[in-house]
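Here TrEMBL flags 1-15 as compositional bias 'Gly residues'. The annotation domain 'Acyltransferase 3' is assigned in TrEMBL to 75-502. As annotated by TrEMBL, region 'Disordered' applies to 1-28. Taken from TrEMBL, the feature transmembrane segment applies to 126-147, 188-209, 253-273, 398-417, 429-448, 486-510.
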Amino acid sequence: MATVGGSSGSIGSGSGTNKSRTTGTERVTTTSIRRLLTALLPSFITESACVSSNANPGEQRRRRQQKLHATSSTAYLDGLRGLAACSVFAYHYTDYNHKFFLPLYGYNTEQNVASSSFMQLPYVRLLYSGTPMVHVFFVISGFALSLRPLGHLYPQDCTGNGDAIRAAGQAKAQALVASSAFRRPIRLCIPPLGATALAAFVVFVFGWMPTFMKPEETLWAQISDWAIDAVYRVMWPWNWDEGSPHSRYNPHLWTIPMEFVHSMFLFLVLLVLSRLRGPGTRLLVSGTLMAYTLLIGRWAAFEFLGGAFLAELHLGTHSEATNLDMRLPGGLDGALKTGRCKKSSSRTLKKALQITVLLAAGYILSWPPRKVDMTPTFNWILELAPRSYGGGEKGKNFWLAVAAFGTVWAVGRIQFVKNWVLMSSFAQYAGKISFCFYIFQHLILNLMQAHVLGREHKPATETREEEIGWGVRSVFGVSSTLQRTVTWWVGLLIMGMALVCLADFGTRFLDAPAVRLAKRVEALAFGVSLPEHQQIPLQDIGHRGEGHGGNERVEK
């Protein structure tokens, strides 16, 4: 009985061990599946579903950093960048599929105001502006790239504690410029290369996107074609204007080389500015360079310099407020109360100026994308552009550059736009994924637009047979202005949601790793990495226009 009991106990023990192993295997499998599903879902879904207390310490720290960034003084630029990226995508979607909306209101082919949609009105059409948003992106890029280096120059400018503090600030600023310049090509090129590699894979393996390119005969030929395209188109920084070559796998990336070369140009200027005496001298020099580059037709250089100019103004404003609060009796609040009556009229004039600048800039940013759609007003404005822009339609870059600078200046000062629009959750999330949102839009559009939109139903006539409709065009129609408008919105939302999912995934698994790789390579090359407290969350972006775009990322 003892043997049987012993055998029975042994058998029970073995059964328990097997059950434990099975349970452990199931737990590992369940965890793996959960992690896979979490990775595939957009981050805004997983973050809202997770309870902060159950998150691991690293996740909690990341969320605290995001919350801190959401209240930072420059977070509104993330929102502006995100909304501009959405506008660029909507423009490409419209240009490919709904050319009816490209003319301004009242200028459709029927020459009938009733045939136009309200979406074609100035300001409203900013929902789908391509080229104008490119200029806005470049101003934001210049601001973001300049903010940290210039910020280190302010302790010596404001406190006046001697040459030692001034020299230390200059050294930190120059070190940051060197760091940014070193990491820039890694940071800027890896995500676009990943996007074009994915496009090459889709073309070769699935044979999709036959409307704009065919697969190569062999895998090696496809890889070689992609590599040549990457080197001579995506990473070709030797052209300074819109004449740069277009990638066959993603023509919207033609602005990436421009983004890179103007970033390097800005870093060179920042090195010079860091040696100047104070903010007044820096503003004078950078303002002079802005005027020069704008007048000779180098609009992108003007926009990057304009961003640096605005960063200087931003830092100066905050530095002066802090200084007054420390030095004045009763602090800044007391000073404000004393001068409230005297300054009320000047504040009213400032607000009026800011709103006027924003309205004027918004009208110019409503510029129609095609020469044939130009109205008398825009033709008159175009004739006023300097001759250095080559005449013709290229003169619009002068006005769009000025309007972009005015827009970024104004939105940072109008509290309603800044706090309620650009700081909204939607705008901030759009800014977070904006780089990948841009670089993947060409792939999503070419994969989905024909299948989603389909064609409208056409009944049989005496000269043709019935054509069966399908897709969004068939369901909502395109015969009337209202039908066209509804079809535009439905198609945009369907493809936009797909792009959001892909862009969110790319941000986490392509863009963020590129940032970390750049920092690690820098640490190996320089022998030291930047402290975490010196990193700012603002990201830079650049996009390019008419059917093309580019997107830059600001140094994180």
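Just so it is clear, glycine is given a Cβ too, placed from its N, Cα and C backbone atoms.
Any TrEMBL annotation is an automated prediction that lacks curation.
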Kindly say whether the transmembrane segment (253-273) and the transmembrane segment (486-510) touch, using the definition of 3 or more Cβ pairs under 8 Å where each pair is 6 or more positions apart. no
Recorded stretch that, among 126-147, 188-209, 486-510, has the most CB pairs under 8 Å to the transmembrane segment (398-417): 126-147
Taking the domain 'Acyltransferase 3' (75-502) alone, what is its mean pLDDT? 89
